[in-house]
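Quick one: the structure is below, and I'll ask about it shortly.
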Amino acid sequence: MCVLSILRLCLCFCMQTIRPKEGWQVYSSAQDADGRCICTVVAPEQNLCSRDAKGRQLRQLLEKVQNMSQSIEVLNLRTQRDFQYIMRMESQIKGLRSKFRQIESDRKTLVNKNFQELKGKMESLQPLIPVLEQYKTDAKLISQFKEEIRNLSGVLMGIQEEMGAYDYEELQQRVLNLENRLRNCMSKLTCGKLMKITGPLTVKTSGTRFGAWMTDPQASPKNNRVWYMDSYTNNKIVKEYKSIADFVAGVESRTYNLPFKWAGTNHVVYNGSLYYNKMQSNIIVRYSFETGRVVTQRALESAGFHNVYPYTWGGFSDIDLMADELGLWAVYATNQNAGNIVISQLNPDTLQILNTWNTEYSKRNAGESFMICGTLYITNSHLTGAKVYYAYSTKTSTYEYTDIPFHNQYFHMSMLDYNARDRTLYGWNNGHQVLFNVTLFHIIKTEDTS
């Protein structure tokens with residue numbers, strides 16, 4: 001029944017507000033200006049089927065039946081015990097009857113002796129009275145149990161009728177079809193427009209005020225390695241952790257000594273390689289974690305460096321390397337573009353520029369920036385009160401001003417990068433490593449497969 005619920009929520013609908021229960025993940029819900037239906041996927045967290053209403057009701061009824069069965073078993077054992085006890089009492093009663101006959105035949109001579117024996121027999125029969133009383137109580141309990149079982153059977157029949165009369169194989173096939181439709185629908189949620197930023201979640205507090213930490217968006221789901229690069233200058237030590245848990249616990253798995261020091265905090269790990277800006281230059285370096293060597297390096301021509309066109313906080317943040325669903329990007333400024341931001345998509349292997357877009361937003365007035373689905377989002381400050389203020393789409397070569405606030409909890413943001421696999425923003429917030437959740441707006445074309 002859990003998967004059947006998923007189908008009802010996964011299908012597209014218009015002008016409907018969804019309030020999912022706790023434990024459900026909502027991707028998006030809306031209707032566009034032209035009246036087109038926007039697909040909303042509400043996917044359950046792992047093991048959510050255990051919370052399904054009908055499943056929970058059936059489990060409660062099953063527990064009730066089991067409890068009743070145990071109680072009836074106790075009554076059965078008690079009845080068998082009492083029956084054996086009564087059999088012994090019956091033998092004593094037969095002996096008592098023979099004593100009465102003997103008394104009738106010789107009242108005078110045997111009255112006293114037989115009276116004492118009779119008194120003893122009566123005392124031995126005294127425990128039979130509470131046993132009989134217990135039988136009366138047990139009989140009432142059994143009657144109550146029978147009534148509850150009768151009611152329970154009616155409820156179970158009602159649920160069975162509501163669930164339908166599908167056999168197991170047919171129901172299993174329907175479940176598989178629904179799961180495939182859900183996966184197909186979710187696979188279309190690769191890109192969307194940024195609508196909201198929530199958080200942050202503070203993962204750890206470590207290092208200096210400035211730095212970078214990241215995971216690989218191209219890694220497999222089982223690969224959750226974390227890389228940590230403290231400070232924005234005069235450093236070339238990269239620490240690696242096998243997981244977020246190890247990162248929080250401070251358990252390093254490996255340390256890399258880069259051949260060149262880095263500049264700024266705007267590095268990125270993409271498909272097993274680290275991309276960073278070589279100190280006091282506009283050279284981009286690609287370093288392979290697998291081989292421990294520089295694979296390639298290339299100058300980003302005309303790009304300002306060494307605090308010529310940094311973000312508002314400085315820190316040699318002239319060249320910002322980032323990745324999203326569409327690939328590897330470099331964000332920087334040039335004299336030719338009057339110090340305004342330039343966006344270039346890079347070949348991850350050779351670092352050659354594939355395409356370039358010139359914006360009209362001053363690099364020095366930008367607090368941070370990140371790419372989502374080919375759109376560059378720029379914040380207006382690195383301090384408290386910062387918000388996503390400007391968005392430039394490389395798909396349409398157009399821009400728009402936005403108003404998407406986010407909570408700069410520790411007052412100074414020196415790194416903010418999007419991870420397409422996790423669909424989160426990684427931030428370095430004044431010596432705190434934080435995560436932000438993002439809400440994306442999706443328009444999905446669906447086909448009716450019912």
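Including glycine, each Cβ sits where the backbone N, Cα and C put it.
In case it helps, TrEMBL gives these features for our protein:
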type	residues	note
SIGNAL	1-23	signal peptide
COILED	58-106	coiled coil
COILED	142-188	coiled coil
DOMAIN	190-442	domain 'Olfactomedin-like'
DISULFID	CYS191-CYS373	disulfide bond
Across the coiled coil (142-188), what does the mean pLDDT come to, as a whole number?
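Value for the coiled coil (142-188), mean pLDDT as a whole number: 62.
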Which number gives the other C-beta atoms within 10 angstroms of the C-beta of CYS191 (disulfide bond), all protein chains shown included?
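Looking across every protein chain shown, the total is 17.
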Using a 10 Å cut-off, grab the number of neighbouring Cβ atoms around the Cβ of CYS373 (disulfide bond), all chains included.
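The Cβ of CYS373 (disulfide bond) has 19 Cβ neighbours within 10 Å.
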